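Structure first, then comments.
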Amino acid sequence: MAEEKITKAADTEKAAKLADPVEASMDIATQEMIERSHKLGIDTVFDRAVSMKPCNIGVQGICCKNCAMGPCRLPLPKGGIQGEDTRKGLCGASPNTIAARNFIRMIAGGAAAHSDHGRSVAEVFMAAARKESDAYKIKDTVKLLAVAPHLGVATKVEVDGEEKDRDIDEIALEVAEKALNEWGKAEGELLYLKRAPEALYEKWKKQGVLPRNIDREIVEIMHRTHMGVDQDYRNLIKQGTRAALADGWGGSMLATDLQDILFGTPSPLQSEANLGIMKEDHVNIIVHGHEPVLSEMIVAVSQKPEIIEYAKSKGAKGIQLGGICCTANEILQRHGVPPAGTFLQQELVIITGACDAMVVDIQCVFQNLANVAKCFHTKLITTHPIAKMEQDNVIHIEFDEHYALQDAEKIVRMAIDNFSNRGTEVMIPKYKATQIAGFGVESIEYHLGGMFRGSYYTLNDNIINGRIRGVAGVVGCNNARTRHNEAHITVVKELIKNDVLVLTTGCNGIACAMEGLLTPESAAVYCGPGLAEVCETVGIPPVLHLGSCVDNSRILLAATEVVKAGGLGKDICDLPVAGSAPEWMSEKAISIGQYVVASGIYTVFGVTLPTSGAPVFENYITKELEKLYGGMWDIEPDPIKHAHLMIAHIDKKRKELGIDKARERVMMSMADRQALGL
Ligand code: SF4
Ligand code: MSK
């Protein structure tokens, strides 16, 4: 049966060009599976990237299809712009207007995706607070008490003139109400904005970009970019900034906080990564997408003794859970469930022939999974009302938080029942790597606190004395237009070689794990002497995995803690830090980039940015934004140059802080470094 289907797929793809596995990915497991896909005649994203080239005008950001008089395409003239730029659409829209409109529509898409994820979590949180669900409970009361004041919720109450602890259930309910209100309140501004350093908050206020509520800022982008509304790229990006801040310091931050309260705040744990985590003699269930609300239940159900017994009764030795993308990161951080791969490996998981069920929720899910699943026994299960697939082999089991455990059990049993349907076409690559994941604002505080545990003082101390040259957030997707994982790994290795501590999230985190960079031992192999010394002393990896895409909010809060600990300026833009997304592809990455830039961080994107066809707008976001927010965009596809742009920025900030001399001594000798202890 499987062979018959595979031949059919091969026939339909006869004309398509095939990817060279080694050119397509630096990862051997991935190369093996691409090769296997060719043998089986199944096309993957790697092949489609070879046979379909991107549109040259779209890539430059200068195609407008915002009304039916278009699409209007404004290619750059051959030889570049000489004199005045006279390009315009039918309505007269300039390349800057078109590129800026497209850019902030990407921000709207990204902010909506993160924030709607946050809203779903907030709704589940409300169900838990109201005790409407057996499955969800308030797990981390310490985090609840830490978050409550930021939402204006009191944690103490006065009884007979005495201050007493307020009832936890009452606090949870008020937190749920206040949190949900952030999406649509009629007045005021987002409550979390005040968590930023005061100087940054005042900067946003001065620039008039304090988001009012999350939904409104996204809606306003859609209005302003409608035909014939906002026609000034500066005013357009201002609204883009509001919506992006509503994502980073709103929807994403709420998602992270509420998930921590419901499912537990991550702390360091050991796991593995890559396709080799799948087991031939186990039922393999792969979760994929972004929201952890259902996958948390799948973890719980698959650990139940009676379910493990059920799997054994069907001939399996047990159940192996794994993940792709950020659902993987969520259950990795809290339970140590290993990721099977990054975004670009999603089809390959099924091509192993050993995936008994793939359970998808929202975002970053390829529709082609359904076509690949048709060639195998894999049950492909969609679970979210807003994310279905048209193909008839896809099963939809709609997740309801009120029956979460029942829904999860139905899915796990379906996977177990499917174990015996595996064909002979099974091939799991042997490659996997060990990783330590599960870091967060709290655990960085603990691990880098040293004798001052519970503060960021020692991290700052190590930055000031130059052992740690600076801190970089390296995050984001894979992009099939570049070699899988190569830019991620090259950028990160170059940074840690130059004593830059890396904080990672998203698919960069998975890529680093696959390369073995998320282990304390990797410090001795890859780091410069200063960072290696810190990692060896404290026992941490030089690359700290902070979780999923919404967990980029943890990077904002970690930077805020560094400012608070003192000695490195008064604002995030004063810090020797930089951001990077070497292989970005999603609209969410553009939203993240904009909120990181508007929070004062110099941010380099790899691949390309859809702004190159509008040089004035591109200049505005890569240079002028620094004057407003202290951070700006940059674009560099070459990963070594990319890393050195970040290092140069870090050095510039060290110089401005007057700590560049300490760093020079660190580079000179070990004795000098030791003499520097503050
Ligand atoms: Fe063309 Fe203007 Fe319509 Fe865009 S809004 S498609 S530039 S006419
Ligand atoms: S999953 S958004 S490919 S990081 Fe968050 Fe990976 Fe990018 Fe999706």
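Heads up, the Cβ atoms here are built off N, Cα and C, so glycines get one too.
Bear in mind that TrEMBL entries carry predicted annotations, made automatically and left uncurated.
Here is what TrEMBL says about this protein:
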- C55, C63: [4Fe-4S] cluster 1 binding site (BINDING)
- C64, C67, C72, C91: [4Fe-4S] cluster 2 binding site (BINDING)
- H290, C326, C364, C477, C507, C549: [Ni-4Fe-4S] cluster binding site (BINDING)
Taking the Cβ of C67 ([4Fe-4S] cluster 2 binding site) as centre, how many other Cβ atoms lie within 10 Å?
15
Starting from the [Ni-4Fe-4S] cluster site formed by H290, C326, C364, C477, C507, C549, give every other residue of that chain whose CB sits within 8 Å of the mean position of their CB atoms, in sequence order.
C325, N329, F343, Q363, G506, S548, S586, K588
Determine, for the [4Fe-4S] cluster 2 site, the additional residues of the same chain whose CB lies within 8 Å of the mean position of the CB atoms of C64, C67, C72, C91; present them in sequence order.
K65, N66, M69, G70, P71, G89, L90, A93, I98, M227
Quick check: of the binding-site residues listed here (C55, C72, C91), which one has the Cα closest to that of C477 ([Ni-4Fe-4S] cluster binding site)?
C55
Have a look at the binding-site residues C55, C64, C67 and say which one has the shortest Cα distance to C326 ([Ni-4Fe-4S] cluster binding site).
C55
Of C55, C63, C64, C91, which binding-site residues come within 10 Å of C549 ([Ni-4Fe-4S] cluster binding site), going by C-alpha to C-alpha distance?
none
Candidates C55, C364, C507, C549: member of the binding-site residues with the richest Cβ shell (10 Å):
C507
Among C63, C72, C326, C477 [binding-site residues], residue with fewest other Cβ within 10 Å:
C72
Rounded distance in angstrom between the Cα atoms of C72 ([4Fe-4S] cluster 2 binding site) and C55 ([4Fe-4S] cluster 1 binding site):
14
Counting only residues 6+ away in sequence within the same chain, which have a CB under 8 Å from the CB of H290 ([Ni-4Fe-4S] cluster binding site)?
A113, H117, C325, C326, T327, E330, D361, I362, Q363, C364, S548, C549, V550
Listed binding-site residues: C67, C326, C507. Which have a CB under 6 angstroms from an atom of ligand 1?
C67
Specify the secondary structure state of H290 ([Ni-4Fe-4S] cluster binding site) as given by DSSP, simplified to three classes.
coil
For the binding-site residues C64, C91, which one has the sparsest Cβ surroundings, going by other Cβ atoms within 10 Å?
C91
Binding-site residues close to ligand 2 - of C63, C67, C477, only those whose C-beta is under 6 Å away:
C477
